[in-house]
Every structure is written in C-alpha cells, then in structure tokens.
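I have placed the structure first, in the form of structure tokens, so that the comments after it can refer back to it.
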Amino acid sequence: MGGLFSRWRTKLSTVEVLESIDKEIQALEEFREKNQRLQKLRVGRLILYSSVLYLFTCLIVYLWYLPDEFTARLAMTLPFFAFPLIIWSIRTVIIFFFSKRTERNNEALDDLKSQRKKILEEVMEKETYKTAKLILERFDPDSKKAKECEPPSAGGAVTARPGQEIRQRTAAQRNLSPTPASPNQGPPPQVPVSPGPPKDSSAPGGPPERTVTPALSSNVLPRHLGSPATSVPGMGLHPPGPPLARPILPRERGALDRIVEYLVGDGPQNRYALICQQCFSHNGMALKEEFEYIAFRCAYCFFLNPARKTRPQAPRLPEFSFEKRQVVEGSSSVGPLPSGSVLSSDNQFNEESLEQDVLDNNTEQTDDKIPATEQTNQVIEKASDSEEPEEKQETENEEASVIETNSTVPGADSIPDPELNGESLTAE
C-alpha cells in the first residue's frame, strides 16, 4: 500500500527544493546569530550579577558578621575566595554549551550548502540555458555577488573623485556600422561633403572634440589625458599633453587646509583661473600677482597662450670698477709733494718722454736753438693732454712747482744734453 501511495505523490521540482533549502539556510543563519547574541547576554549577566552579589555580601559580612577570633575569620573568608572560581567555572560551562550548539548549527548549514551546490550543478548540466540562468541568478550566491559588484555602465554619469586635478574626458562610443540593406531598398542616400573645414563638437566646459569621417572613426578609441596617444588612421601621433600650468585646487578641503589658506592668504578665492583662448579649457589657477604675466601651453589642445602683460624690468645698473675707484681714492688722498722729489720725478719723466719723441719723430727736424726748458714744457703739455680729466688739476700744480724750481736752480735745466745734441746733429 505504501508503494501505491508513493507513486501518486507529486515530485518536487528543482525550484521548490532550492527554495526549501534556502529557507532552511536562512533559518540556520538566523539561529547562529541569535545563539551568539544569547551567549554574550548570558555570560555578561552572570558576571554582572555575581560581581554585585559578591561585593554586597563582603560589605555585610565585614560590618555585621565578622567574628573576633582569627580562626573564625579565616573560616568566614574561605567562601569569598572560592566564589570567583565558582563563577569562572560557570562561565566556562555556559560558553562550552553555546559553542556546541553553534558547531551543530554550522554543520547543518554546511550540509545544506553542499546540497544546494550539487543541485545547482545538476541544473547547469540538465536544464536549458534560460531556465538554468534564472535559477542561478536566484539561488546561486556567487552570481548574486558578481551582479552586485558589477561596475556601472559606460553611459552612466561619471562622478569626479575628490582631489582629482585633471578632468578626463571620455568620448561617447558611436556605432557607425551601417545596417544591412534589403534588396527592395535602394542605395543609401549620399551625404554631401562640404569643402570647408570640419566643425568642432565640444562638450560644455571642455575642449572641442574633432569629428572624424565615418570611414576613419570606426576604429577611433577615446584617448585619456596623460596616457600615450593612440594612432588614428589619417591622423598623426600626438605626444602626451603638457602638464597644467598651475594645479587645480580640490573642492573638498579640510578645516586645517582652510585655516592655512586663511593665514597664508591663498585659496580659490584669491586665485584666477587660467582659461585657454582656443578651447576654453581650465588649466589651473594662478595667483593674483602672476596672473597678468604668466604664459602657458594648454594641456588639452597644446595652444600657447601668451602673457597678457610684459613684466616690467628695472633699469640696468652701471658697471662698477673696483680698481678705478682705488686709483681715484689714492690720487685724492695723496697731498702736495716736496720740491726736491717733484724735481727728480719731473726730470725723469721729461727724459723718458724726450727719448720717445726722438724715436717716433726721426723724420722731423729738431731746432737746436730751442732751450731745454721750452722743450720740457712742450712735452709736459702733450702728456697733460693725454691724461684723464680727473688729473688735470694735479698736473697744473706740478707744472707750477717745476717752473719755480727751474727759476731757483738755473743749472739743472740750462745744461744742454750732449746726447740730444749729438742725435740732432746726426739727424741733420
């Protein structure tokens, strides 16, 4: 009879079996969490109540029931030493009891999970693709986790991360592959191509994106900033863009950053944005002092933006010669020389100048009748004309002193120079 009734019983489907297993797994997981909470609660209450009871009993015994004899006191304090050990043993028993329950629960949970895994493997082998996909998405925990951790779609909005300095623009991928045309349909309409320059399509706030013809844009990939440029048919390789002229300050700043900006006088409110003149892109923020005089190259379109103003330059200082200054100071510090020293130095200078004039002017004839005093005066005048303007006054003073000495000592200048006379005769 049992076999007959067993034939009439309907067999549970795979979905129903998985649902029952899933319910049992959830019940066991809830029981495990409840068991852990109950264990912590029981152990905590045991320690709390036993501690309060222990302190209260010690206080009562010490105030009212403490005997005077030493042996009686020792016998009275023995239970107080044994009480903490008893409480500790009770706590150990409670933890052991709950741990055993947790182990049994975990074993049952592992068995149910293994059964579910076997059933899912059978589903993947026996059921159709659509049914197996639905069952796996509903009961397989691995597929659930993978679905939850799936990254957002490329078409969704991309949120900017805090502290991101350079905006990365991603071009939208366009499917430009033509649809297969039916035989009844005519050829696709020809789109006239204008001979003018191609228009630039740009996103708001970003650089213009160059449009590419359908024949060339089928293999175009979006190029991120800071990465090596990708080769595009018909277009050359572009080097990676230059860095920003000035960094872009992050929007989210902490309290410490705001305090430092307030003390230093720096921050977004004290800076000016560097906007490219060609693509109107943001290239960082410059200080007020350097905004008018800074020139930068755009990090997106490589356009060189000149400075608005030229920085004023200070006038060039005259060159300073330390040796010349020493000569001037030495000449000003030297006082009038004595008559004897002036005479000797003047005679030596006259002799040297006369010899130089004779050697340079060999073709000229010299007059023997001219006295030696006049010749020395002429040489002194020539030498004074070639000296610097600062020493003119000093030479005049020396000439006056020489004239005075000549008047007092007639024999020194009236004696003719035999060498000079001989040279003049030979020249004649």
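Backbone N, Cα and C atoms are what each Cβ position is placed from, and that goes for glycine too.
These come from Swiss-Prot:
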COILED    16-43  coiled coil
COILED    102-128  coiled coil
COMPBIAS  185-198  compositional bias 'Pro residues'
COMPBIAS  386-401  compositional bias 'Acidic residues'
MOD_RES   S114  phosphoserine
MOD_RES   S153  phosphoserine
MOD_RES   S177  phosphoserine
MOD_RES   S182  phosphoserine
MOD_RES   S194  phosphoserine
MOD_RES   T211  phosphothreonine
MOD_RES   T213  phosphothreonine
MOD_RES   S217  phosphoserine
MOD_RES   S227  phosphoserine
MOD_RES   S321  phosphoserine
MOD_RES   S353  phosphoserine
MOD_RES   S384  phosphoserine
MOD_RES   S414  phosphoserine
REGION    143-248  region 'Disordered'
REGION    361-428  region 'Disordered'
TOPO_DOM  2-45  topological domain 'Cytoplasmic'
TOPO_DOM  67-77  topological domain 'Lumenal'
TOPO_DOM  99-428  topological domain 'Cytoplasmic'
TRANSMEM  46-66  transmembrane segment
TRANSMEM  78-98  transmembrane segment
ZN_FING   276-301  zinc finger
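According to DSSP, the topological domain 'Lumenal' (67-77) comprises 8 helix, 0 strand, 3 coil. Its Cβ taken as reference, S114 (phosphoserine) is surrounded by 10 other Cβ atoms within 10 Å in the chains shown.
Within the chain, the topological domain 'Lumenal' (67-77) has long-range Cβ neighbours (under 8 A, six or more residues past its boundaries) at 61. Taken residue by residue, the topological domain 'Cytoplasmic' (2-45) breaks down under DSSP into 39 helix, 0 strand, 5 coil.
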